[in-house]
Amino acid sequence: MTDNRFFNRSELIGILVLAVFLVVVLPLTLDVFRLNLVAKYLTYAFVALGLVICWGYGGILSLGQGVFFGLGGYCMAMFLKLEASSVENTKIQSTPGIPDFMDWNQITALPFFWKPFNSLTFTIAAIILVPGIFALIIGTAMFKRRVGGTYFAIITQAVAAIMTILIVGQQGYTGGINGMTDLRTLKGWDIRPDHAKIVLYFFEVGCLFACIMIAQFIRHSKLGRILVAMREKEDRVRFSGYSVANFKIFAFCIAAVFAAIGGAMFALNVGFMSPSFVGIVPSIEMVIYTAVGGRLSILGAIYGTLLVNFAKTSLSETFPELWLFGLGGLFIAVVLAFPNGLAGIWGDYVQPRIDRLIASRKSKPDGWTDSSVADGAPAE
Amino acid sequence: MSDEANKGLLSPLRRKLLMGMAAVPAITMLPRASFAQAPATSAVNTTGLAVTDTEVTVGILHSATGTMAISETGSIEAEKLAIEQINAMGGVLGRKIKFIQEDGASDWPTFAEKAKKLLVNDKVAAIMGCWTSASRKAVLPVMEQYNGMLYYPTFYEGLEQSKNVIYTGQEATQQILAGLNWIAKEKGAKTFFFIGSDYIWPRTSNKIARKHVENVLKGKVVGEEYYALGSTQFNSVINKIKLTKPDVIFTDVVGGSNVAFYKQLKAAGIDLAKQPLLTISVTEDEIDGIGGENIAGAYACMKYFQSLDNPNNKTFVPAFKKMWGEKTVIGDVTQAAYLGPWLWKLTVEKAGSFDVDKIAAASPGVEFKGAPEGYVRIHENHHLWSKTRVGRAKLDGQFELIYETADLVEPDPFPKGYQ
């Protein structure tokens, strides 16, 4: 095998295909509006990627990824909102210079925890650290006590519900149910016009590939193998002397940070952040993206996210009153027929054929083991 | 709502016939607008909107699915009715209105996405849409960035004004002040208890109401409580009401919470015939869910009731019922949504153009004499001059008109002394 630290040959091809698709094909074929929609879908791909590590490999099902998506998104949105709330932009308010929703809630001074968000450096650090530390706390509290499986999923769901209630309830500090709207500039650079959307799209794709590389690295490292071992037989790993809890916490934190980066990208690309991305329903939707794509496949999760969101948009445009049924049908069909998602279809049906085709053309491929064995699925 | 099945049964042909009939009285309402000579497209559309020689496209953007669907369905229905009626009498500047309906799915970012789609992809000339403040706040930056025109139907908290929005519902002072004045005078009320859902509209409305009670009416607010959206437990606040014995309960609880609130109020033995209650959040639509027997006797402060007795409303209500079924009820917002397409049509004809900038500039002063609520006129601040009315809920779920202001009330989205 030509394995290196990041990928084997078939994965390399997969990543290159995805890169060509995202960097060349989509920008050339879509207008700016649709491209911006893809950018929005891709923000969920970060979450799906995190779920592949944490759920697919580590076997930890989190139904609360919206919390981390939200934390990242709100950190970014707070920075952007402060910049949009300059004194001259908010002259009409009773207290100029603070975000509009604070003014509506009779708050007359910027709360202390908002002040550091004037700094972009602090904001970027917060996007990574706040969700990371929060995940560390939840993870430590749960996994050290050996809470796992269904119980863990339920607790993450409760956290998502609590977070929504907190954000909606503290509307003077968070914008409440309306969220933070009307985000305009990043360091004076207007994020709303078309050319900015294109720049942001490529920036996001860049970040996504960086995250894919991290995920690939984890997967091919010893750590990835321990995660898989843990998923399959937790006790054996524990008896072999590994600290299962620490590995689980790590996987959970990585997933949280990926989700938070997605959230921050969302705030930038959509110009908007609201509690409707934090709660239980969006969190479960994010798990569905991963399930449709194939929870064992890093690339599958990204295609799954794109497919589900694309279906959502186009079905709702074509059948505004019936689209939810169509979407529901799609999920049921995928889960019933292809439990390993898109990646499963690829691995079980498409790739063996391609391999056979290549094998019949080239009688003896050099540096490549027998193709019928060359791990059929991108999944383990 | 309850008669979803009914609507589906109408055949397209039958619907068309009914529409034609429904529009006949409308023609007499607005004689001057019909049979206008169609001007050249290049002259009336200089910004590349979806206008052809025979058609003009507008967008309808409401929640057809999700928790808000129950409220927004009425608005969708009213807007479609208005569009059909306008088409039946010749359209706008000789062009038939075609609409593209998008589903906001009770999800604010989806609203923003769909608004953008309507403006950027479909190039619609105007959008009739949004319901909750949250959806409007999400859509507003999109409207301003891509220079669209939004006709927004819901009564709302004010504190907003945009070139790109016409607010066809009441802002907070229009809805609240006259009602409070009336109840203070009529019932000699001095003490008030406020109960609201916890988001921006009730909080702003109650802030305005509190200032008015304290500074103008020289009364006292003896309690102010907020409950999360969707909340169904009101027992503790009902106990507080029993303890403080306010002259008036003033509520802006929204959506499904209303059902629980009025049922628990009744169960606790508070008789609305004796305990005055003034709500700014219950229309005929909500009573459908609450049940007339649970709320009979309560006062609601609105600008429109289905039972209004005027010639416009007498043609509007049957036309609406013919299109959407006998059992449908028409609430305040539904009527305001009906105004949207009409006001847009009248403004386009006044401006002689579909261009958004010209429509925004021509809007102030546009008057609609055929409004079911009577008569409305657009103010310089893009809100409507309209009357405030107080109705008393009856057992059959309708309101009986008790009081209306003599004159139109001026919209004042940034009220001085109430901030």
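Using the three backbone atoms N, Cα and C, a Cβ is placed for every residue, glycine included.
Features of the protein shown, as given by TrEMBL:
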- A:12-30: transmembrane segment (TRANSMEM)
- A:42-64: transmembrane segment (TRANSMEM)
- A:120-143: transmembrane segment (TRANSMEM)
- A:150-173: transmembrane segment (TRANSMEM)
- A:198-218: transmembrane segment (TRANSMEM)
- A:239-266: transmembrane segment (TRANSMEM)
- A:286-310: transmembrane segment (TRANSMEM)
- A:322-346: transmembrane segment (TRANSMEM)
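Counting Cβ pairs closer than 8 Å and at least 6 residues apart in sequence, the transmembrane segment (A:150-173) and the transmembrane segment (A:120-143) reach three or more and so form a contact. Within its own chain, the transmembrane segment (A:239-266) is flanked in space by residues 39-40, 42-47, 49-51, 53-55, 57-58, 60, 62, 65-66, 68-76, 127-128, 130-132, 134-136, 138-140, 143-144, 146, 148, 204, 207, 211, 214-215, 218, 223, 226-227, 230, 272-273, 277, 286, which lie at least six positions past its ends and keep a Cβ under 8 Å from the stretch. When Cβ-Cβ distances under 8 Å to the transmembrane segment (A:198-218) are tallied for each of A:42-64, A:120-143, A:322-346, the top count falls to A:42-64.
With a cut-off of 8 Å on Cβ pairs spaced 6 or more residues apart, the transmembrane segment (A:42-64) and the transmembrane segment (A:286-310) reach 3 or more such pairs and are scored as touching.
Sequence-remote contacts of a segment are chain residues at least 6 beyond its ends whose Cβ falls under 8 Å from one of its Cβ atoms, and for the transmembrane segment (A:120-143) they are 67-68, 71-72, 75-76, 78-79, 152, 155-156, 159, 186-187, 244-245, 248-249, 252-253, 255-257, 259-261, 263-264.
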